[in-house]
Amino acid sequence: MLFLQLPLLLVLLPGGDSEEGFQEPISFQIIWISSFYNRSWEEEVCSAWLGELQTHRREGKSDIVIYRQPWSKGNFSREDLMESEHILRMFFVRFVQAFFNHASQWKLEYPFDVQIAGGCDLYHGETSVGFVRIAYQGSDFASFQNNSWLPSPKGGTRAQLVCKLFNLYQGTLEIIHKLLSDTCPRFVLGLLDAGKADLQRQVRPEAWLSSGPNPSPGHLMLVCHVSGFYPKPIWVMWMRDEQEQPGTQQGDILPNADGTWYLRVTLDVAAGEASGLSCRVKHSSLGGQDIILYWEQHSSVGWILLAVIVPLVLLTGLAFWHRKHWKHCDPSSALHRLE
């Protein structure tokens, strides 16, 4: 019965009303990073994410969890939240203690970093897949699979020793299994339900064209800017008629301060080949009505603005010169000076 509401919630999410929207799972994960400086000094930071949206954060070793969204508690009761937070806190405390106690045996050299990512992926096919992955110094180290810890090939003998120790604690293995298979999917469903108003928000993008620094003599850098859109998935391409231009370069999708996104897409072309090119934008907020901006129109607007601005500047300068010249030649001014 747990996943009976999942298809409906998926439809409510951005992109969920299309076949493409169902291909990607909904991922929730807790990311814990610990930096071990010496035998007694360790710092840590912990955060939780629904996709790329941060929902929770805990700074240092404080027991205070910061809820980053109004709906970050999902539909869990206060008791459920306290119990889950207590279990996770105890797990991380024992995890840190194990690395301190066995640093010499595992040949760990201070300083070093350990990262844990754990959570679950929810799929449209009414399934949930839990995961826990450990990284040491940024490299794959171990993972939790089939109710036990498995070393990564990159972890070598050190990872084998760690997994051998962790697998001795059957009670802890059972708790992890329950968190991944039951607690996590229930909590995610609560988040999706409580936050559906925000998660299904649609904000239309704004797009404009500009020219960047010329990459080489005789070439132009065409730039298509798209900003203010939500959700994040978007398709932007330089086109000639209906043909995608293979030289299109897409930058990173960057966050705006208001929670929307910005993207910059460029195309390097010979100056004589810019005619007929356009930038096309597809986004779920557009309802199938793509934004199409033509480079010729951008160039025409630029020339029109130039044709208007230059005469205005010249007229303003001429008026200023006449005013200054008239002031110096004004007979009344000369009479005042004689008096």
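Backbone N, Cα and C atoms are what each Cβ position is placed from, and that goes for glycine too.
Some features that Swiss-Prot has for this protein:
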BINDING   PHE91, PHE92, VAL93, ARG94, PHE95  D-galactosylceramide binding site
DISULFID  CYS120-CYS184  disulfide bond
DISULFID  CYS224-CYS279  disulfide bond
CARBOHYD  ASN38  N-linked glycosylation site
CARBOHYD  ASN75  N-linked glycosylation site
CARBOHYD  ASN146  N-linked glycosylation site
TOPO_DOM  19-300  topological domain 'Extracellular'
TOPO_DOM  322-339  topological domain 'Cytoplasmic'
TRANSMEM  301-321  transmembrane segment
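The candidate set comprises the recorded positions VAL93, CYS120, CYS224. Of these, CYS224 has the most other Cβ atoms within 10 Å. Counting only the Cα atoms, the space from ASN38 (N-linked glycosylation site) to PHE91 (D-galactosylceramide binding site) is about 21 angstrom. Mean pLDDT for the topological domain 'Cytoplasmic' (322-339) in this predicted model: 51. Cα distances from ASN75 (N-linked glycosylation site) to the recorded positions PHE91, VAL93, CYS120 are smallest for CYS120.
When the Cα of CYS279 (disulfide bond) is compared against those of the recorded positions VAL93, CYS120, ASN146, the shortest separation belongs to CYS120. Summarising the environment of PHE95 (D-galactosylceramide binding site), the number of other Cβ atoms within 10 Å of its Cβ, over all protein chains shown, is 17. Ranking the glycosylation sites ASN38, ASN75, ASN146 by how many Cβ atoms sit within 10 Å of each one's Cβ puts ASN75 at the top. Here the CA atom of CYS120 (disulfide bond) lies 20 Å from the CA atom of PHE95 (D-galactosylceramide binding site).
ASN75 (N-linked glycosylation site) falls within neither a helix nor a strand when secondary structure is assigned with DSSP, and so counts as coil. Neighbour counts were taken at the CB atom with a 10 A radius for the disulfide-bonded residues CYS184, CYS279; the maximum falls on CYS279. Annotation for PHE92 (D-galactosylceramide binding site): same-chain Cβ neighbours under 8 Å, separated by at least 6 residues, are TRP32, SER34, GLU44, CYS46, ILE116. According to its DSSP assignment, CYS224 (disulfide bond) is in a strand. Under DSSP, ASN146 (N-linked glycosylation site) is assigned to coil, being neither helix nor strand in the three-state scheme.
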